[in-house]
């Protein structure tokens, strides 16, 4: 049982680290140990490491680490792209080495050898398409095109010039400090793609997330069917019940079956658990971005709206507090003041509870039009081009 428990602990620790690293900033994990692990992995560990290097190697060593950080985090580089290709390549290699010997099997046909390769190839194609496609770079030559595509809402976007590109910034655009360019309908800079996600390649990015979620689910189910087929072909349940006297019930058989699988097919189980964890993470990412697309909002705009709503809420709360204070002073100076019981005053609603801030997103045109805008970006539509030519 020693090896089996090591594998179980390894899987749990791997899942904890992956979830903490990728999802530790989610609101649901705020104040939990997952958030603290995320902070340590993303900032604390590096901070301690930088201090250690500075103490041992001096300022030159710390400067060398900072230069590597600048290359990896503040400049375009293919590091994460190489890591992605290494992960998907090595994972598929181990799947082939450990599972293809049992295909065809009891539950899987021989065609899965070819469909799995095709599925991985489509995933890599979507990755390359997202990585090397134009996200919608705003230049002096096409800035008027984007200005006509996205009007200013005068709430989170106002007419102003990009201080770096020295051109008028269209609404919903942002200057990416890593790529050093303005991107239309900017969502975020994706290190895995070494590219910005903007107006023209959001559709490829969404397809990438969805396809890789389906790919991981396909791998998880396929490996599970391989293991189920081995149980059937080797008659494990029959041997346990007839020769070892185990009761033919799920609760009695499950521990013995799991022990046998961990001892005989630990590589396949680790691959299945890894693919299942990645599938859940990809489902979360895809769900988050799908929600943004349905409301015609970008990740960048989410932060802008959050700052605006917080500011508006504080402003209205200050106004409500001032009004309540004014009414309280007027009540104290009036000749006849109604007596309010302590019980009623305890349950009286605070004026701050009535503060409501409404988000007025003029770019939200209904979920059907919002989805179509992602599939067919405004700047690529023929109607917009014809309108621009007529106006000029």
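Note that Cβ sites are derived from N, Cα and C of the backbone, with glycine treated the same way.
Listed in TrEMBL:
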- 6-28: transmembrane segment (TRANSMEM)
- 40-59: transmembrane segment (TRANSMEM)
- 79-102: transmembrane segment (TRANSMEM)
- 114-132: transmembrane segment (TRANSMEM)
- 157-306: domain 'Palmitoyltransferase DHHC' (DOMAIN)
- 209-229: transmembrane segment (TRANSMEM)
- 236-257: transmembrane segment (TRANSMEM)
- 269-288: transmembrane segment (TRANSMEM)
- 308-335: coiled coil (COILED)
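For the coiled coil (308-335), the model's pLDDT averages out at 74.
Per-stretch counts of Cβ pairs under 8 Å to the transmembrane segment (209-229) identify 114-132 as the leading one among 79-102, 114-132, 236-257. In terms of DSSP helix, strand and coil, the domain 'Palmitoyltransferase DHHC' (157-306) has 91 helix, 14 strand, 45 coil. Only residues 6 or more beyond the boundaries of the transmembrane segment (6-28), in the same chain, are considered here, and those with a CB under 8 A from a CB of the stretch are 34-35, 37-39, 41-42, 262, 266, 269-270, 273-274, 277-278, 281, 284. Using a Cβ-Cβ cut-off under 8 Å and counting only residues 6 or more beyond its ends in the same chain, the transmembrane segment (114-132) has close neighbours at 81, 84-85, 88, 92, 95, 190, 193-195, 197, 201, 204-205, 207-208, 211-212, 214-215, 218-219, 222.
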